[in-house]
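Trainee: What follows is a structure written as structure tokens; I'll ask about it next.
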Amino acid sequence: MASTSVAAAEVKAQTTQAEEPVKVVRHQEVGHKSLLQSDALYQYILETSVYPREPEPMKELPRVTAKHPWNLMTTSADEGQFLGLLLKLINAKNTMEIGVYTGYSLLSTALALPDDGKILAMDINRENYDIGLPIIEKAGVAHKIDFREGPALPVLDELLKNEDMHGSFDFVFVDRDKDNYLNYHKRLIDLVKVGGLIAYDNTLWNGSVVAPPDAPLRKYVRYYRDFVMELNKALAVDPRIEISQIPVLDGVTLCRRVY
């Protein structure tokens with residue numbers, strides 16, 4: 001979701017034998033370029049372990065999203081696979097997603113949850129969500145989704161007023177406005193249950209977190225970099241959570257609430 005690393009277009013993969021013809025393979029058409037140093041290694045992961053197991057609705061949604069001018073904001077196939085498996089491992093049932101875009105990560109979550117599972121999904125743009133909604137409906141999982149259009153902070157504040165909502169969420173995925181990540185964390189830590197997970201996307205922010213101050217960065221990358229770095233520092237010392245920062249795509253930090 002709201003994620004702005006460089007989109008990987010369809011490219012020609014070189015074969016190991018120089019005399020063999022160049023073969024066109026499927027690359028991550030939309031989404032983020034991997035932080036792996038080798039594009040060939042990333043492509044190997046996709047072709048070997050991700051695409052063969054990707055459900056048909058999740059193959060279709062990127063094709064539809066590719067027509068959108070901001071298609072690079074979508075979650076990638078390998079991250080979607082990672083999230084789906086993670087949800088099953090923790091037996092998640094009640095989840096939340098902040099930042100939906102066209103719904104790739106949302107669809108991955110919905111497919112992973114049991115039939116009576118629920119997702120509170122929030123995004124400021126309903127039009128983007130409507131692009132993927134027909135595919136979500138066709139997949140038979142739309143009934144699991146409670147979509148709210150608008151800023152997430154007022155919704156979170158309203159939830160916090162209800163004591164019954166404290167500790168009620170098994171899993172939260174955050175992939176929206178990076179300048180509000182810390183504001184989200186201050187609220188989500190009370191809404192997720194002890195033992196539950198919060199996943200923050202883009203915590204390596206296109207690798208810019210290690211770029212020198214005078215590095216030539218895109219304007220939006222430079223603007224949000226400081227907010228991402230501030231979040232990373234805060235999560236690293238928060239005693240209420242255990243964390244693991246994983247270099248999946250643009251970086252995902254998992255936070256497990258311990259008290």
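Yeah, the Cβs are placed from backbone N, Cα and C, and that goes for glycine too.
Dumping what Swiss-Prot says about this protein:
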BINDING   K33, D175, N206  substrate binding site
BINDING   T75, E97, G99, V100, S105, D123, A152, D177  S-adenosyl-L-methionine binding site
BINDING   D175, D201, N202  divalent metal cation binding site
Trainee: Can you give the largest Cα to Cα distance in Å, as a whole number, for the residues T75, E97, G99, V100, S105, D123, A152, D177 that bind S-adenosyl-L-methionine in the record?
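Mentor: Between the outermost Cα atoms of T75, E97, G99, V100, S105, D123, A152, D177, the distance is 19 Å.
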Trainee: Among all protein chains shown, how many Cβ atoms are found within 10 Å of the Cβ of D175 (substrate binding site), not counting that one?
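Mentor: Taking every protein chain into account, the count is 26.
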Trainee: Once the chains shown are all counted, how many other Cβ atoms turn up within 10 Å of the Cβ of N202 (divalent metal cation binding site)?
Mentor: 26
Trainee: So among the binding-site residues T75, S105, who's got the most Cβ atoms within 10 Å?
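Mentor: Going through T75, S105 one by one, the largest Cβ count within 10 Å is at T75.
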Trainee: Helix, strand or coil at E97 (S-adenosyl-L-methionine binding site), per DSSP?
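Mentor: In three-state terms, E97 (S-adenosyl-L-methionine binding site) counts as strand.
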Trainee: Give the distance between the Cα atoms of V100 (S-adenosyl-L-methionine binding site) and D201 (divalent metal cation binding site), rounded to the nearest whole Å.
Mentor: 12
Trainee: Considering Cα atoms only, can you say which of D175, D201, N202, N206 is the nearest neighbour of A152 (S-adenosyl-L-methionine binding site) among these binding-site residues?
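Mentor: Nearest candidate: D175.
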Trainee: Around E97 (S-adenosyl-L-methionine binding site), which of the listed binding-site residues (D175, D201, N202, N206) come within 10 Å, judging by Cα atoms?
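Mentor: Close binding-site residues: D175.
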Trainee: Roughly how many Å separate the Cα of N206 (substrate binding site) from that of T75 (S-adenosyl-L-methionine binding site), to the nearest whole number?
Mentor: 14
Trainee: Once the chains shown are all counted, how many other Cβ atoms turn up within 10 Å of the Cβ of A152 (S-adenosyl-L-methionine binding site)?
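Mentor: Total other Cβ atoms inside 10 Å, all chains included: 25.
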Trainee: Within its own chain, what residues at least 6 apart in sequence put their Cβ under 8 Å from the Cβ of D123 (S-adenosyl-L-methionine binding site), listed in sequence order?
Mentor: G99, V100, Y101, Y129, F147, E149, R176
Trainee: What does the structure give for the C-alpha distance between N202 (divalent metal cation binding site) and D177 (S-adenosyl-L-methionine binding site)? Integer Å is fine.
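Mentor: Taking the Cα atoms only, N202 (divalent metal cation binding site) lies 10 Å from D177 (S-adenosyl-L-methionine binding site).
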Trainee: Spatially, and counting Cα to Cα, which of the binding-site residues is closest to D201 (divalent metal cation binding site)? Options: T75, S105, D175, D177.
Mentor: D175
Trainee: Would you count the other C-beta atoms found within 10 angstroms of the C-beta of V100 (S-adenosyl-L-methionine binding site) for me?
Mentor: 29
